[in-house]
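Residues or ranges marked as transmembrane segment by TrEMBL: A:31-48, A:60-79, A:91-115, A:127-150, A:180-202, A:231-250, A:262-280, A:287-306, A:312-331.
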Amino acid sequence: MTIGTSPPNTAGTRMRRTSGGLASVLRLRELPVTLALIALVALTYLANPLFLGQQGMKDLLLNATIVIILAVGQAMVIITRNVDLSVGSILGIVAFSTGTLFVAVPGIPIVLIFLAGMALGALLGSVNGFLVTVAKVPSLVITLGTLYIYRGLNNAWAGGTQYFAGDRPDSFGALSVDTIAGFPLITLIAIIVVIIVAIFMASTRPGRDLYAIGSDPEAAKLFGIPVTRRVLLAFLSNGVLAGLAGVLYASRFNSVGATTGTGLEFDIIAAAVVGGVAIFGGSGTVVGAAIGALLLTTITSALTAIRVDKFWQQAIVGLLILAAIVIDRIARIRTAKKLRHSEARDV
Amino acid sequence: MSNPPTELLPTATNKSGTRSAGVPTARGRTGIARILLGRDTVMIYALIVFIIYAALFIPRFYSPVSTGFLLLDVIPALLIALPMTLIIITGEIDLSVASIAGLTSALLGVLWAAGLDIGLVLIISLLAGMLAGAFNGLLVAVLGLPSLAVTIGTLALFRGLALVVIGDNAVANFPPALTSFFTSKLGGTGIPTVMIGVVLVAIIFGVVLHLTPFGRGLFALGYSKEAAIFVGIKVVRSKFWLYVASGSVSALAGIYWTLRYSSARSDNASGLELTVIAAVLLGGVSIFGGKGSIPGAIAGVLLIGTINFTLRLGRTSDVVLIIVTGTLLIASVVAPSIIDGITKWLHTRRHRRTLPQASASGATRATASGVQEGK
């Protein structure tokens, strides 16, 4: 791909998509995952109508909320052709710090809790971003290292201490209980996050830059995109979102301690990949990642609802990830063929 | 575009465009110096220095009992690190290794509990690991899908299959003769008997990687896939068999894990993939492919294993252990970048002083790297 055409071209496709008909809808990268989600929900509903009852819906959304926020942040990083393995550790450390703050500062306003959690997440995320961009070491290695370091710091800080829901004010816990129009408050927060980040990625200059960097880092640099600053921004945003997820985790779950959020990293990357975010960057949307997260968390509930042995759940998730990769590859081959044809016509 | 072409060359051949800064320093050396000062050799020195330090200053470290426990603990990581080194050298990755070990362990438990002959059970478990590896190989090598994404998928899939096979049960009643063999020691040395097998596997992988055309081809493959195809390396076949090897060795690690702890569970060895990758990268294997060695990777595994063990002997909590692992990993990859940056900066400064009129940044950069070339 040449430098000159990359960012305007993607913008062009987007415009055509809004004006085009059925054909452009069929080309959407989010389509397979959306169809899979609809099919899953519909089939499960037919088998067990309680699945979409008021409580069932609420559980579905609550389970998905935290994964959605993390997947959106991870998608931003993956789109720049990087990856952040340390999100589970960031979530853990922020969740524990939230528990600590409530005990250390009685009566602290909840807004302040959110700001503190996101600031801590931003700090940890920017350490990742700084090491990746300044030291020029691949993000897979750096964030594997910080995964251990952040987890170790969390362990050192928490030790055997655990904070329980009783240590936190009721109004904070109520965020995951109260609903507006059937949506739990924390899910609404997640939806707002998805909308803001989606607009940022789709229609602002820095957002488009992230795609350009992911599709060809060298070309992006020659084109004059501040690659270092943009990649740093992606890691920082991911840190902020992981921090937010950590605060919401403390609201949603009873206990936070040294091992909170362990082993989340691959689930989150999987959600983004299932949602159509290409692992080597440059394509995919955060909306897709959010739907991917919703699909993966819904499978668990769906399997329980139709009384499939719960042990099958993880194997099915694995198959879904592989299916998403294969679908992505087929779509890519078809696009390449179409581009070749249209270029041949132009000549 | 004022950079000299020598600056651009390594980045241009690289798929992600950010080859680590360790390249220029290693390029200038030849012969013995290259072997004695390589990144992997430095890890071996570090390991030796640390073992001497621990033997002198850490009480109870220098004893057969310690050696025995230390080696028993690192064997699974040591085994899996061998194929992992080869795979990372070709520029791919395998995250599903620990799940394959878990799946093997689950199969081993269920088949044994079903009353099959233990020899047959071991063979079936090993075959299952090979099959799992072949599945990875099919997706990555034959279909050409990205290994990072594929093996995250199979990480979930194989662990999921382990759960399907054994559920949340555990099988523990393995033949005592077999389990005691897996913890037995060679005379009074404290070295576990199983180490003979591990050393054998390590020698096989070392010879294949470093002394055969196939192994040299893997380096070429990791450095530039196009060039490797042009010189006639069978890319698909090489990668496929590497994943089969990875699956088989992971199965061996799973069998060892099961019989050493005499417990078959679905979550055996979970999370081991990250430990192995951290150790291999610490041992000087480049995540971009094309660089690394078996002795370096082994030194990486043993260094992390030994540091963890001594910290545990000194009653340091597990907390510090993981911080040490993470910091070592980051330091080992960031240090070359920083050193490189400082040398460049020093050169630039010296040339600014001697040639005050050369103020254009292009000119100073060119001289700086020019000097480095001549070194």
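Placed from the backbone N, Cα and C atoms, the Cβ positions cover glycine too.
If you look at the transmembrane segment (A:287-306) against the transmembrane segment (A:31-48), you find at least three C-beta pairs under 8 angstroms, all six or more positions apart, and that counts as contact. Across A:31-48, A:127-150, A:180-202, A:231-250, stretch A:31-48 shows the highest tally of CB pairs under 8 A with the transmembrane segment (A:262-280). Long-range Cβ contacts of the transmembrane segment (A:60-79) within its own chain (Cβ-Cβ under 8 Å, at least 6 residues beyond either end) map to 87, 91, 139, 176, 183-184, 186-187, 189-190, 193-194, 197, 201, 210-211, 214, 234-235, 237-242, 244-245, 248-249, 252, 264, 267-269, 271-272, 275, 277-279, 281-286, 288-290, 292-294, 296-298, 300-301. Across A:91-115, A:127-150, A:231-250, A:312-331, the stretch most heavily in contact with the transmembrane segment (A:180-202), judged by Cβ pairs under 8 Å, is A:231-250. Taking pairs at least six residues apart, the transmembrane segment (A:231-250) and the transmembrane segment (A:31-48) share fewer than three Cβ pairs below 8 Å and do not count as touching.
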